[in-house]
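First up is the structure itself, then whatever we jot down about it.
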Amino acid sequence: MDIRTHLGINQELSGKPVKVAEGYAEVLLKTQESMKADDKGLVHGGFIFSAADYASMLAVNHPNVVLAGANVKFLKPVKVGDEIICKARVSEDKGKKKKVLVECFKGEDKVFEGEFFTVFLIDMFWRGEKMEVKPFYWKGDKLLLLDQRKLPHQEVWLELKTYEEVAKAIKEMAVRGAPAIGCTAAYGFVLGVKVQKEDPEKVYETLKNTRPTAYNLFWALDRMMKALKEGKDIEEEAKEIEKEDYEANKRMGEIGSEIVPLNAKVLTHCNTGALATAGWGTALGVIRSAHYGGKNIFVWVDETRPYLQGARLTAWELVKESIPHKIITDSTAGFLMKKGMVDLVIVGADRITAKGDVANKIGTYTLAVLCKEHNVPFYVAAPTSTIDSNIKSGEEIIIEERSPEEVKVCGGCAIAPKESDALHLAFDITPAELITGIITEKGIFKPERITEALKD
């Protein structure tokens, strides 16, 4: 198996091996239209970095290697149509700790140079069997789901054998995060139709009606129904949805990490990491890639009331990977910006409209307004599967309203008078004009041009 398939890396966009020897590798990258960064035809640096990363993987020649780039320099611009050769050589070898020097050339001109280090060598299998942080595993006739309501103090796995159990888990937020919900629903469809032999329309409607805002849910179920009608193997289709999401997250991480300055203090909201996706993450995936890329970042983690996805889940992921961070109350963010203690904000998305409005966890709009007031860049990271081109404006999005009890009770303890009512909106809408850019696996787009990310 190609190492890129093993790790969920896009094979077409990371180049083709032309020479592999012990401790050395060369990769040829033929640039194409989809790699454009702007109207001038320049190639986004993330694709050069991806080819360099792949060359370093081949040079190290370990099936389960993960590398981090450091001292990276983009020396000359690359245009669509240019052919780039990336040459990687292992310069230091101390067992599991290796250093790889990579240089990329356009003809005789050096366009990129950098160092790559093995961060960890782990048993990481695709469709498999084991992964560092992963919210679910498909086991053929059942879905194993990490119950995120129990984190960070307990790691409890639910064994779901029916589509009704999957629907309940989605509705009650045992799983959350738009991409993870989409993947989970796809496997729920497999359980209902293939394992339980239930009516497909009934299964579809039950799963669809669990959460009204997350577009990945509808996107995944529509794709599963289409696959069924076309006579495809729906189990393989669900696996493909999972694989594509992980691959998209890795690309987003590579592309998005370029906008993160060295020594940056990054603020993020809710949980947008591996727990919210098929692995790696969207906004937190960008942060993760910047960390492993040697950016020496620090993360401010919004606690994200009332469900505390930031304090419970994002912090849990950051602790697991030793990424420096501090948890803050949601109301602290504005003061930190005023004091110059936030360099940029990166959040995820549950739905993106055709004009670039974004539905995301409640509190996102507040952060965007604060960023505009304090001149702090505000980025959204999401896969193209989150873009709903059928909806033009955020005003058309249904905002989920959840139980008031989730506001009045925290950690099992009542924190408000039982006679008091509460309003619990799960999401808000951030208008396109407040967003600096939207990071996708296809590149970084201005909000008003986001539908271009859907073009082949």
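Heads up, residue numbers simply count up from 1 along the chain you see.
Yeah, the Cβs are placed from backbone N, Cα and C, and that goes for glycine too.
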Per Swiss-Prot, member of R211, R223 binding substrate alongside R176, G177, A178, Q309, N360, K361: R211
Among R211, K361, the one of these binding-site residues whose Cβ has the fewest neighbouring Cβ atoms within 10 Å: R211
Assigned element (helix, strand, coil) containing A178 (substrate binding site), judged by DSSP: helix
Neighbour tally for D350 (active site, proton donor), based on other Cβ positions within 10 Å of its Cβ: 28
Nearest-integer angstrom distance between the alpha carbons (Cα) of R211 (substrate binding site) and D350 (active site, proton donor): 11
Between C270 (site 'Transition state stabilizer') and G177 (substrate binding site): CA-CA distance (Å): 9
Composition by DSSP (helix, strand, coil) of residues within the region 'Thioesterase' (40-113): 16 helix, 40 strand, 18 coil
